[in-house]
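Per Swiss-Prot, these features apply:
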- 103: active site, proton donor (ACT_SITE)
- 88, 89, 90: substrate binding site (BINDING)
- 101, 128, 131: Zn(2+) binding site (BINDING)
- 47-167: domain 'CMP/dCMP-type deaminase 1' (DOMAIN)
- 186-296: domain 'CMP/dCMP-type deaminase 2' (DOMAIN)
């Protein structure tokens, strides 16, 4: 079991903890498939809802909040039945808008893993307005069931009435819907090819600034992030922040980063290079490779 879970595992009921410990192997980064969730439910003799709430301390252990020191964990349950943990991330000494909220982390985890719809969000603190707006961008976002400790579950529409969303800006294919933009780039570099794939899967209906970031660590592992825009603009999630959240979930240190690539569309109304460099240079003393690509 990874050291970061030693304290949080003690907060779980013993039967649940005993069943979970073998799953917290060295490569665990917050994903449990539907069968594993069923195993935990059976072994603990708890309901699925009780298990998900009980797992929140494990999700919170993925957090990296050097500014607030407030650890928030969230779990996104996909339509597949799999669950995806996420946690808040803050960049030391940097402006607060670079922060990643736990719900954003969990949702981006699910999206990067191929999920196409979130049905439940479980979180240990009431979602802030920023996260409510972020969730509202998702497929059937208003129907997502929000679960909080010691409270009744409610759909997102309960927390965000009279919501402003994609449909108000004539966007009919929301975040996580199956869609891909094709780009042309001739490269044999595996890291650039990976970034190209993720840029094509990014979500930028308001600016057409499709983009992705790939981070490589010294051992050759890669961690990606995609751009995820929002109808309210400010809650948009930048690809560098998503990539850093991905890296931290995998229990890697910022000092492990050896290479960083931003790939973005030449036809976008904005560029993410400035914000991406700011975030990168806060955590790693390396240069950003910036590649601009043409849509097919």
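Just so it is clear, glycine is given a Cβ too, placed from its N, Cα and C backbone atoms.
Sequence features annotated in Swiss-Prot and their locations in the structure.
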{"residue": "88", "record": "substrate binding site", "Cβ contacts under 8 Å, 6 or more apart": "63, 64, 65, 68, 70, 71, 72, 99, 100, 101, 102, 105"}
{"residue": "89", "record": "substrate binding site", "Cβ contacts under 8 Å, 6 or more apart": "63, 64, 65, 99, 100, 105, 241, 244, 245, 248"}
{"residue": "90", "record": "substrate binding site", "Cβ contacts under 8 Å, 6 or more apart": "64, 65, 66, 67, 68, 96, 98, 99, 100"}
{"residue": "103", "record": "active site, proton donor", "Cβ contacts under 8 Å, 6 or more apart": "74, 76, 86, 121, 123, 127, 131, 134, 135"}
{"residue": "128", "record": "Zn(2+) binding site", "Cβ contacts under 8 Å, 6 or more apart": "101"}
Residue distribution over DSSP helix, strand and coil in the domain 'CMP/dCMP-type deaminase 1' (47-167): 43 helix, 26 strand, 52 coil
Predicted model, mean pLDDT over the domain 'CMP/dCMP-type deaminase 2' (186-296): 97
Number of other Cβ atoms within 10 Å of the Cβ of residue 101 (Zn(2+) binding site) across all protein chains: 23
